[in-house]
Amino acid sequence: MIRTQDAGALRAENVGQTVTLAGWVANRRDHGGVAFIDLREASGVVQVVIRDEQVAHHLRAEYCLAVTGEVTRRKEGNENPNLATGEVEVVANEVEVLSAAAPLPFPISDHVDVGEEARLKHRYLDLRRSGPNNALRLRSKVNKAARDVLDRHDFVEIETPTLTRSTPEGARDFLVPARLQPGSWYALPQSPQLFKQLLMVAGMERYYQIARCYRDEDFRADRQPEFTQLDIEMSFVEQDDVLAVAEEVLVALWKLVGHDVPVPLPRMTYAESMERYGTDKPDLRMGQELVDCTAYFADTPFRVFQADYVGAVVMPGGASQPRKQLDAWQEWAKQRGAKGLAYVLVQDDGELTGPVSKNITDGESAGLAEHTGAKPGDCIFFAAGAPKPSRALLGAARLEIGRRCDLIDEDAWSFLWVVDAPLFEPTADATASGDVALGYSAWTAVHHAFTSPQDVDGFDADPGSALAWAYDIVCNGNEIGGGSIRIHREDVQKRVFAIMGIDEAEAQEKFGFLLEAFKYGAPPHGGIAFGWDRIVALLAGTESIRDVIAFPKSGGGFDPLTAAPAPITPEQRKEAGVDARPQQDLPPQS
């Protein structure tokens, strides 16, 4: 080893020792012909004193050095309480430049704001800053904590293929040409879903993997085309068994940041979550639940409220908003695909004003504040129309109100299981939300096609009412994991495919290997996958998952560091068989 001691480990008890350190010049100060250098490396920072001006003259920020010298106690009054090494310094008698540094594109400092594009282009420099550096170290601890829990429960860590066949799972695949079979293609997996089910058929019983997954999605804020999930699958289990293991993992992870997660975690049905919060991932760090006003306005003359659903959410103190701000709410709603956001203002004397107040009856006005829980000085926002989009608009408004009115307790951790989700949803709803609907019928899977229905015998009689053994874990309004009890019978899987418009021939072509496996005594099984990037971002206290990924992509999947994706040469294109046709064309996929 070049170094004999970690710089950040030096303390008063090391005074008098001769040590060799190695690291980077984080900062330099000159005083009376003496150079004081903050030497930074993974363990921390220590001050190095260089009295030889000729040696110190050429040293600049981020030079990589090896320093040999004696550990001495700092003079009284010169201690630095902000450094763990602040009682001591190293007086150098030998300095070796291991590598010089060119002028920096930005300062290596946690106190200077740098544009994300520059940070990602020079990510290797960005990671020298303590914030990004600590985030990756936290990620490593998170990995270990999860492994420790699962190892105690006799789980087996197994790697599944990253070159497989294209099997629709709800998003577009990244495709890889197979050079040895021109015209044929591998796909990078969107998840290990089918392989982990096959491992249950294989008798592994308890599997996990910190898995890389790939989805070729349209650009969405804070999404990555390649991401990581903690993937877990268990045989001979029911929903409660999976949730108990998942909660044990969460307890271990949040303990890393000093928080005790109280278990068992609360549960709420999907239907209740949508009714009360307008979303299946509610943030429970604030109140302001949605209020159903459909029955209240059942006989209203106001045509806008003559709808299948009328709902409201209250903005505390919102009546004092100027007209310009109220108009801005309309634009906010239109950006979300709505026509606007109706409102009434509850004045200090209880009188209702605003556009809606002029269109409803005196009787409706008289009891509206009480019905919605509004107080004098509040604003009541409304949405009317089909239940799902109207609730979604109010749910988004609720969160926006929480942010604008400081209603969210930023220091709190709020966990919730959302259970009993629908098995199917209208295909039009899935495509409208940006998902790739699997199948060709009016119905597609809410989670994926391998989720077990709760009513195995009767789910296909009324697909729109069928419930799934599916569960999502929500933390502070973020979905951080989701899973289900899986289908383990060939006949049930075929019936689910049929509801989705996948006939037997297509099912065999795309999923024949899974259906074949189900013929050989497949055990009941279920599992969960945690969104690892999101969890680490929450634990690190950062807004973006890009901050906890070593080399993330920017918007649209572009990598500023390597300039990927990039064109390939004509020779590469020919060799890979990109334009070749397979010997036998496959039917078009959904």
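Cβ from N, Cα, C; glycine included.
Residues annotated as L-aspartate binding site in Swiss-Prot, with sequence analysis given as evidence: Glu169, Arg215, His447, Arg486. Cβ contacts within 10 Å of His447 (L-aspartate binding site), excluding its own Cβ and spanning all protein chains shown: 19.
Non-local contacts of Arg534 (ATP binding site) by the CB criterion (under 8 A, 6+ apart in sequence, same chain) comprise Asn478, Glu479, Ile480, Ile545. Annotation source Swiss-Prot lists ATP binding site at Arg215, Asp216, Glu217, Gln224, Glu479, Gly531, Trp532, Asp533, Arg534, citing sequence analysis.
Taken through DSSP, the region 'Aspartate' (193-196) splits into 4 helix, 0 strand, 0 coil. Under the heading region 'Aspartate', Swiss-Prot lists 193-196, citing sequence analysis as support.
Per Swiss-Prot, the feature region 'Disordered' maps to 556-590. DSSP places the residues of the region 'Disordered' (556-590) in helix, strand and coil in these numbers: 9 helix, 2 strand, 24 coil.
Among the features that Swiss-Prot reports, site 'Important for tRNA non-discrimination' is placed at His31 (among others), with the record citing sequence analysis. In three-state terms derived from DSSP, His31 (site 'Important for tRNA non-discrimination') belongs to an extended strand segment. Around the Cβ of His31 (site 'Important for tRNA non-discrimination'), the same chain contributes no residue under 8 angstroms that is 6 or more positions distant in sequence.
Residues within less than 8 Å, Cβ to Cβ, of Gly77 (site 'Important for tRNA non-discrimination') and separated from it by at least 6 positions along the same chain comprise none. DSSP gives Gly77 (site 'Important for tRNA non-discrimination') a coil state; it is part of no helix or strand. What Swiss-Prot lists as site 'Important for tRNA non-discrimination' is Gly77 (among others), and the listing cites sequence analysis.
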Mind giving me a neighbour count for Glu479 (ATP binding site)? Other Cβ atoms within 10 Å of its Cβ, every protein chain shown.
15
For the C-alpha pair, I'd like the distance in angstrom between Arg215 (L-aspartate binding site) and Trp532 (ATP binding site), rounded off.
15
Tell me the Cα distance separating Trp532 (ATP binding site) from Arg486 (L-aspartate binding site), rounded to the nearest angstrom.
22
Integer Å distance between the CA atoms belonging to His447 (L-aspartate binding site) and Glu217 (ATP binding site)
16
About how far apart, in whole Å, are the alpha carbons (Cα) of His447 (L-aspartate binding site) and Trp532 (ATP binding site)?
18
